[in-house]
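Database features (TrEMBL):
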ACT_SITE  A:196  active site, proton acceptor
BINDING   A:145, A:264  NAD(+) binding site
DOMAIN    A:5-159  domain 'Glycerol-3-phosphate dehydrogenase NAD-dependent N-terminal'
DOMAIN    A:185-334  domain 'Glycerol-3-phosphate dehydrogenase NAD-dependent C-terminal'
């Protein structure tokens, strides 16, 4: 039995309490400043307000002020913040951690540097003063938190630099419904699953376009599959530019598949495809901050920076750049179909 | 204006008449011995019985006995037989063709040799006496014939050995809704889109399993995405074993996506997942011959042959081998989830 302290009580971290609790571990779930109401309600009856599921009875809940108490004696720290909490996690959590306690995070995203280098979050945290000596690991792959909570069969990758740590983490979380591959290609796995958010929005544009032309609920699979294929093409090229292993692509591809099936990245893409401007679409989604928009913007900026330096060819990324034009320059959706026609001659 | 002779009046070849006819070419559509009723009806009112669409008025229709007349003067031959017509095409069509008239085929599939070598159809035909001097090209990628007929945006690859021929073929078929990439990795593109049929059936097992456990129409995305990811992993490994280019994977991935959305490969997988035996499932599909079953069987046999020779590791293909056990050895569906957990350490 291990003591597991989850920091961040959002949907994904809270979903992860299911396999961990069922394996007999002590679970301490700590809310961020944004999770106050979630923790209040969990303390009443274990019902999670945004996950819309009831967590296992026996989990210990903590508000953010109680974080240090929750960290004390923990065997593993699970980072559960969203990509908008990356710096909060760096500033408020990492300094409180002990270097011999492994950390594993569910945060998906990427930071682009001025030269176009794309930095995954574990590497970003490792580059901070408080993070440099920590044992940082991460979870990528196709997993929606509600279906994990419902014990649907789920397939993810744990990535990190130390094989023994990964085996230990796998033993803690593995269940007959939560399947864990291991990889030491941290940058590959993390970039792959980060990039997919922007592309899920991109594929969803054509779902919205079909609805605009033929009516809500109408579906065409050829055009969806076309943009799915183009997305995988561009993701594969981005991973090549990042110098990571091509086998890590599959976690992003699975994640792209599940993200197109539902969630905010799909909804914003569908709305844009139906003809709403980005501002209108955002308004319809109640002004929610959208990770897909952030990642698409950063990826496009990285590609442009690499292209300026002669390291990338803009012609390889027509879909990404179009999405960027739509969300950041107010361009109407007009899929650059012709630009997706490529030549592969050797 | 070119004269295009389509041999085989199945759904895919007939769907391809839309972009070709609209580009102003003369279209001659020749039925195989299996297409007699289709040609009869097309001659009445251009309605295609299995495609369930009305073809353009002005297309010339031929029964199989009139094939030679249809071939005379043709600038391009389009091969439209299914994978069950590969030898008929080799024996009855190839000997009638002229070596300076390019051929492009839509047939998807693969033949396994005793040592596990996987041979795509263009290469198989090229190895026959009648085919050895022909200029053979092929079409791969995600395209359902009905949606192509409906002018949905469609994205495919034309592959062949001669760049000029491919450019010429692209000019003939390109339209604002039919988008064509070009590749000279014939084996890569063709194997990639062939393999996807077996894997579409595999992913669909979990769709059926969910329905078995929770009721028809119930959907879980995590498990679908899990098997989608596992399928791409195994396809990527198969392409590596075949020694082809990794960029060709994307056409199979797009094709996998569209195939899971509908069609026979999905239906057989869903029925097996719901708990029907292979024989029962086949009966429910009215005894239809199923390309997915053939390709999964051949791929599994190839992997086993390569493994015996120390060239492949059976542990890399748990999903493929399970599907093979289900359809060929009567095993019940029981997804080998644990075997999909891999380690990627370098």
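In case you wondered, yes, glycine gets a Cβ from its N, Cα and C as well.
Just so you know, TrEMBL annotations are computer predictions that nobody has curated.
Here the features listed in TrEMBL are placed on the structure.
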residue	record	DSSP (3 states)
A:145	NAD(+) binding site	helix
A:196	active site, proton acceptor	helix
A:264	NAD(+) binding site	helix
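Across the structure, residue A:196 (active site, proton acceptor) and residue A:264 (NAD(+) binding site) are spaced 13 Å apart at their Cα atoms. Neighbour counts were taken as the number of other C-beta atoms within 10 angstroms of each residue's C-beta; across the recorded positions A:196, A:264, the minimum falls on A:264. All chains included, 24 other C-beta atoms sit within 10 angstroms of the C-beta of residue A:145 (NAD(+) binding site).
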